[in-house]
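> Okay, so Swiss-Prot annotates it like this:
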- 1-19: signal peptide (SIGNAL)
- 20-616: topological domain 'Extracellular' (TOPO_DOM)
- 66-90: repeat 'LRR 1' (REPEAT)
- 125-148: repeat 'LRR 3' (REPEAT)
- 171-196: repeat 'LRR 5' (REPEAT)
- 197-220: repeat 'LRR 6' (REPEAT)
- 221-244: repeat 'LRR 7' (REPEAT)
- 269-291: repeat 'LRR 9' (REPEAT)
- 315-339: repeat 'LRR 11' (REPEAT)
- 341-363: repeat 'LRR 12' (REPEAT)
- 388-411: repeat 'LRR 14' (REPEAT)
- 436-459: repeat 'LRR 16' (REPEAT)
- 483-508: repeat 'LRR 18' (REPEAT)
- 532-554: repeat 'LRR 20' (REPEAT)
- 617-637: transmembrane segment (TRANSMEM)
- 671-970: domain 'Protein kinase' (DOMAIN)
- 814: active site, proton acceptor (ACT_SITE)
- 867: phosphothreonine (MOD_RES)
- 972-991: region 'Disordered' (REGION)
């Protein structure tokens, strides 16, 4: 009996012992996973991961009722798979998959690296797998063994190469598939997924899909979300897509789709979000009139015709409508946007007519009302005067009329108000003073009248005011002088009277001032002479009297028009290039259409005094003759030696953007071959030393056809021949740089132009370029890592400013180390904007077509090879190359990289091996050992920047943020000074 009881007890304890053994193995497997991460900022996650606890007590672990691990959830924990020695290691999928009952594995939204490996296929109980938003490399393994898988998220995971679509064909339970935003090679739509009829969500955007959407898409009848944007999909939208009646979201924007919306598209009545923008679709929108559940509709930049369906006015969920740049006609539905929290409408650049719907801000959340360049008529609705959430209101170039509701002027969040080129009338009321966010006010070409409100000074964010071609009367308020940010004030062609406010001299940012065609009187205020940035001054067609202020002579104006006034006295010699017609009281010996200034009347004097004056005149004449003779001899010698004469000062036009303490002839005389400090595809750069001791850099823009031999004469150096082909490039650089003020962007003082030459005058950078310091002075001096890190961050901030800090983003198009200059304190400055492209402010699609490949070999982004559409991400790629130069010390093109390789391919090829030691070998040997860990972090950022896919590259804002987060290694465990020390301090220690 006792023996029987013993056997029964033994049989009872055996499963318990087995269970304890299994649980112990699970703990060991999880601790092996933990060891992969080493010391991490997410140590809190692993505090409970110790031998003292069971696996079920580990944070992020879920067990079943038997105590077996069924879920690992470590998503969004900032995890990096780097061991205690700092080496990157592959995740131990063999240990993970030894958890035999594991059903859910979530490691998404971390910073995991390395290859995923074939051991993943051993997790054959998995139902849910999320590895998305990481930095993995290499190809994804076949997962045909994961027959129970229902959820697969790999988007933006870093995987590349050929995706194993064939291994998905038998995953019949798969309902969620997200593999977009990865660097796959070009491939057609994966037909293997067309038989996975359980699919409800498919995200394949930005995954290099080419060709057509197959007819077999009709098989996925349970689909609720289909996203195929940012690919190279062509052909028509297949008619079979209308069978996907459960679709709630369809995004196919930024492809090459053509044709019309297929018949039967109306059957997709569950559709809430539909975006087919930036394609070449045609036809009308009639198929959409039955989709009453739409929340967001985007079809901008297509070739759509016909009317906007009136049924849109009854859609009770529609909150965003973007149809700009099509050929749509007819009227907008009156009740459009009245049923829900409508936020956004852009129907600009169509042929729409009728009245503006009045109820789009009924719920009080609307931010954008954009309807410019149509044929709208009628009054602007009163209802929008209460729309306090509006940020941009643009209805210019229509046929609208009537009065603007006074509340519009004072909307507190409005940044851009554009009512130009309509038939509006009435007053600009004092409510404008409440528009604290308003930066641009354009009321030009309307019928507004009344006086200008003095309260406008309350709108102290104003940068641009354009009220031209209206019927405003009365005086120009002195309160304009309080607008410190004002850059452009255009009031021409009105009925303004009185004096020009002296207070305008306080608007020190003014560049453009136009009061032409009014009835302004009295004298031109002397205070205008203090506007050192003023570039254009037009006061023509008024009743101004008195003399031209001497202070205007100091300004470097590209346009000065004082014609048709009542001015008297002589025209200052430095202003003779301006326009002064219609001023009978003006005189000048150098302006042919003005009478000569009188020399003075002779007075009756004694003979002796008369003779004395004659003698004096004779002496002065003799001195002048000798002077001119001497000058002629010197001039002839120089001409014989240099083969050309110096151009006359009056031939030059100077446009200044900052306070100048030099004149143009000081610059021109120094344009000599011996002063050349740089040569480029756009022209030479000269070092110019002024009499004041200041040093400047002058860039001479040349045309491609002109010869660039080593001339000796300053005039020969400036001779460009037929340079009309260069005007666009020169004007692009001036327009860009004149508006830029940033510590990490080179400062432009002025431009100097004449009929056959163009000069740009910059601040001089005494430490040359980053290229010179890295590649041409090795052996003489080595730049330490702290300096390199400071240079990387500073240059990134400069480029971030160009992309994100201006009203209109600027694409540099030639970012390279030789265009990053170093000032006397070793601060980096982005330079050379001859290739810059300013993107139009109101374009949502910010790509542009480049007629020719621009840039420098080794820095050119790969998308130039297959498209003419480039954007800021092309600059990001080039900046990534610069980061690689900083870390490796290598040039972008070197024989060490092998045939047909460059620095990007070289670094990427090593990074795919996921061997930390190999990555460390990429780092410049001159970088101190204690900083190599930080250098490796910067190299990781460089890899992100040089991703083959433009969409996968970060924006410069993100690049700056990542660089700022790199905590210097030397400061982690010591009391040394923080990274905030200037690079100049460090250069004295290292160089």
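Glycine too: its Cβ is placed from the backbone N, Cα and C atoms.
Give me the structural setting of these features: burial, nearby parts and distances.
Tertiary neighbourhood of the repeat 'LRR 1' (66-90): same-chain residues 19, 22-23, 26, 30, 33, 35-42, 45, 54-56, 60, 96, 99-115, 117, 130, 914, 916-917, 919, 933, selected by CB-CB distance under 8 Å and a gap of 6+ residues from either end.
If you average pLDDT over the repeat 'LRR 3' (125-148) in this model, you get 94.
Sequence-distant neighbours of the repeat 'LRR 5' (171-196) (same chain, 6+ residues past either end, Cβ-Cβ under 8 Å): 127, 132, 143-144, 146-163, 165, 202-214, 216-217, 219-220, 222, 227, 232-233, 947-949, 951-952.
Across the range of the repeat 'LRR 7' (221-244), the DSSP-based residue counts are 5 helix, 8 strand, 11 coil.
For the repeat 'LRR 11' (315-339), the residues of the chain that approach it from at least six positions outside its boundaries are 272, 277, 285, 291-309, 345-362, 366, 370, 844, judged by C-beta separation under 8 angstroms.
Shown for the repeat 'LRR 14' (388-411): DSSP residue counts in helix, strand and coil, namely 4 helix, 8 strand, 12 coil.
Tertiary neighbourhood of the repeat 'LRR 16' (436-459): same-chain residues 391, 396, 412-430, 465-483, 485, 490, 496, 807, selected by CB-CB distance under 8 Å and a gap of 6+ residues from either end.
Secondary structure counts, DSSP: the repeat 'LRR 20' (532-554) has 5 helix, 8 strand, 10 coil.
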> How does the repeat 'LRR 9' (269-291) divide up by DSSP, counting helix, then strand, then coil residues?
3 helix, 7 strand, 13 coil
> Can you tell me whether DSSP puts residue 814 (active site, proton acceptor) in helix, strand or coil?
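It is coil.
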> Of the listed stretches 197-220, 221-244, 388-411, 532-554, which one has the most C-beta pairs under 8 A with the repeat 'LRR 9' (269-291)?
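Stretch with maximum Cβ contacts: 221-244.
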> Please figure out which one of 125-148, 197-220, 221-244, 341-363 racks up the most CB pairs under 8 Å against the repeat 'LRR 14' (388-411).
341-363
> On the DSSP side of things, how many residues of the repeat 'LRR 18' (483-508) fall into helix, strand and coil, could you say?
5 helix, 7 strand, 14 coil
> Count the residues of the repeat 'LRR 12' (341-363) that DSSP assigns to helix (H, G, I), to strand (E, B) and to coil, and report the three numbers in that order.
0 helix, 7 strand, 16 coil
